[in-house]
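Reading through the structure tokens given below for one structure.
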């Protein structure tokens, strides 16, 4: 207990009433008890109360007090080094709480990952989990084998090793397999070699030939394996190499009860009827001695269906004959001489200096020879398979770095321990020594990095035990020496051990009750080894004659096994020169290397040299119980393994110095409640922490200030937590005092008011008398008449007012009616006069028309009469002729005057003729003049028509010449296409667009030079490039040129693809071309001429529809291209947003006073190192606003914007929720409040941008429910029912995960009991949902491109001069 104690005075301070301690217990190893009476120095008894209510007076030694229990707030931590009290019971309890209550199988212990075997399939190893851990810092996520693998993968600047150890059944093989799967997944290469798949595919093969069922494990690895995975400079797997250690060959010929031989035998027997295996002549496994020896040929739940020497197990030696059935099959399969094999299985050759003697063997000797031969063949076969796997995984190129995964047996101790256990424990001694030195080195580096004085820490050094085994004249050397003697025996070797080490080496002992065993004190425990069989197993000899027979086999594979090959360096070893970081003891005496022990020592030397040259990462697998029950915790078995695997040694080393380490940020956030106001006024948080700590802890030896962290001795964090809890408790008391005072005062005032009312009524009741009743009645009568009078008066007043109002209203209506009638009467009069005027006007017009007709008629008749009657010239002719040019008005005036004065004689007919002749002549002259004018105009028009005909002929001739020229140019363009092997003359380069079209009958190139999204969207209409592209399409349609259209469309799509490829990470360019592609697609629809699209157009737009081509095929191509751009567009946004999500949504504390930081132990969260330059919720909102504004500026359709925002919100919810599932430290009530606050910020953002209809809010529903689940009460059956009804968007697995991971931040919070979790689970059993824990962050909602017709008229679009397209003319 001395290593667990803390500073004496501080310890006594905490041994007060109500504090808890750990005391030993025979069943549970350690038992918790509460102190019922303060402990005083010198007391020999500690008054305790056990958890079952039993009072106990526990005797104590003042020099070795029982270890204190950690506060509940620290129990269940991800890292054992985060515990304030570091000792065995604290470690055991923390593991038990995490494993049994929280169902968490991984826990950190400093640099070690402790992995508990759950004996149940868990949904925590999918690809989504791998991607969640990829790129994360080790302390940011919950402990996991993937976190260790990611740490090794990120540090590949130096070679890495992942060392997985543990006893049989602890899950070593599975852990190593998951680590290799992680490397294969995150380093996926683009090559066709699929090396990652080959690495993973090699595991089932090695497990088939090297794994077997034991009493502890159905798939126990019976060999050690170091898989070296090679990577190139891009950190992609290029190859792999496997090294194996100490195959348990004895299992081939012997298995204990309820154990099996290697899996491959049973798989072959189960597949014996398959065509591929019929020639092996196998049968059921029960038929062979080697496979039925353990009495267990079947593993429940395992199908063995998918050799040769398996037949040799049925060769019996009582009367062995050449015609023995099994012997014949054995010889037939290996192509051996039947007679020679039969002879030399029963005889042995003894060669002396003078003669050679053939001596028959006893039955026991013959059985041993048979078994030795079987083991030898299997050993060679195993090595051959490993070599073939290495060849398949070999890469001829240069290896940059590698990660080695060591899957090796842990420390073993059985009832009977033999040579195999000795070698295994020897290897674990070497690994433990390497581990101790590495931990010691890391501790020293940490202290030096933080500028803290380094003091030498006493740690267990197992070098003496290693020297006992491997040093000169050690156990292995004496064993090899005894093997050299033909007559050497196990007894002689054991006697040498007794003589050399008893009473001379404290780590070697002789059992009191046995003379055939010896005991070695290993780092983990004492182990008794039985010496019987050590020499035989170390020699591993097969008679030379049998070896010669196998060498001469006609079956080449068998013959090659036994050829004398010189020892050569494997071509599949690492090409990197590995230099050990520390010196490793080399095995002495080269001539001993032929024994199994010397070979194992040499391979172990090479392994240690490799590990010392790499950065190791440790995974310690723990078997929680021997019954293989899911999530059952056997404290005795777990403690035994913790002592054996070095976890407690790490804890012990940490506890000797400053085990608790907090960053200044963590300390400030956690203990700001203990700070004074003047201390908080300081600007430097580091100085604040120093000032506060010096005030709270007087003894400066209990802590050290580092550069970025504060180092505490054991127990100091618990002391600070006690101060914090006391402060919070005191604050709660003050709050409760004031609240209770307010409640009591309110209650008092309510009672007082009730008493006053009661007194009032009581006193009034006493004062009532007959007089009072009469007065009351009289008052009522007076009130009745008074109220009646008042009501009547009011009624009369209302009546008069109503009559007056009616009079005014009726008068108003009458006057209004009169005015209307008056207006109508006046209108009738106006109409009468207007109609009369119109009638008179119409009559006058008719009369004037009639008079004109009459005049014309009379003039014609008069003219005719004049022409008939004039025979001679008249004196007045001259006057008439001369007066022709006189205006008609003057002549008529004169005539009128003559008529007025009656100057005509009644008989003068000549004047009458003159009166009518003058107008006729005038009219005739005017007619002739107009006729001449018309004839001249007709002559001029005929001349113009003739000129136009001649011009038309010339134009037709020119058009024919231009068509010939155009055909020649098209031929030249085709030749240029073939030469350049590009489709068309237009291409899109980055932000430059080229369009091929015809203008002024010449093939030209449209060059959108320096076309940048920002310039286009600011100064021009949205989708301008798309409109220009469509107008070129329309021009090709106008010319009815199919070849031009085809070339243009194919080259346009190719050009857009090229832009997207070259700017795959440019968000603005993606947004710009997504918008233009959609606009282009909409233009093709809008002007397609189809009725469903035309109904949205203006008449002018319908006139611009395409006339000659159906572009539906090209519309589909553009639609596919738009989908491709959209997916890339979403990917770019997600890549920019994803790094902000977890820091902003989970880690950043935007609510003041809501801090959830707790100690994190050796693995620090990256967010706890420095709080500067970190992402916040504001960062996320700013990024979303940038995305939104850019999309709007580029003219992206609003519906498409909503779909993109919905996709981004889904990503935010999924990433946050996935991180919550994998971070137990984030599953608290306060964090739930924080998440809900952040969600409200996102909802406000949607409301501000008017995107409520985008369904983005619904994608956050699972996250909302998870936040609610963290905040809601989780105690009663009603709470369980409410949870099951409310959390409809979360699966059962997710709900249970959150409940199991719920972590109290303060002592006032309570953990979720396992019984409550079971209640919720039972209520959700009927729910049908996927068992998947993680949400798929790569999921994409189906995108739809809405049809939005362009409001811009094509004829009104102006091409900016900045496009440099001045050569374009509008058709």
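A Cβ is built for glycine as well, from the same backbone N, Cα and C atoms used for every other residue.
Listed features, source TrEMBL:
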type	residues	note
DOMAIN	75-725	domain 'Myosin motor'
BINDING	166, 167, 168, 169, 170, 171, 172, 173	ATP binding site
REGION	604-626	region 'Actin-binding'
COILED	924-965	coiled coil
DOMAIN	1050-1326	domain 'Dilute'
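For the region 'Actin-binding' (604-626), the residues of the chain that approach it from at least six positions outside its boundaries are 95, 99, 109, 111-119, 145, 148, 151-152, 155, 158-172, 175, 179, 216, 226, 243, 245, 404, 406, 410, 426-427, 430-431, 434-435, 438, 578-582, 584-587, 632-634, 637-638, 641-642, 645-647, judged by C-beta separation under 8 angstroms. The Cβ of residue 166 (ATP binding site) lies under 8 Å from the Cβ of 115, 172, 410, 620, 621, 622, 623, 641, 645, each of which sits 6+ residues away along the same chain. Sequence-distant contacts of residue 169 (ATP binding site), defined by Cβ-Cβ distance under 8 angstroms and a gap of at least six in the same chain, are 117, 214, 216, 217, 220, 623, 626, 628. Once Cβ contacts within 10 Å are tallied over all protein chains shown, the binding-site residues 167, 168, 172, 173 are led by 172. For residue 170 (ATP binding site), the same-chain residues that are 6 or more apart in sequence and have a Cβ closer than 8 Å to its Cβ are 115, 117, 217, 410, 621, 622, 623, 641. Residues in the region 'Actin-binding' (604-626) partition by DSSP class (helix H, G, I; strand E, B; coil) as 9 helix, 8 strand, 6 coil. Note on the domain 'Dilute' (1050-1326): its mean pLDDT in the predicted model is 86. Cβ neighbours of residue 171 (ATP binding site) (same chain, under 8 Å, six or more residues apart in sequence): 115, 117, 621, 623.
Cβ proximity to the ATP site centre (mean Cβ of 166, 167, 168, 169, 170, 171, 172, 173, cutoff 8 Å) flags the following additional same-chain residues: 117, 216, 217, 220, 221, 410, 621, 623.
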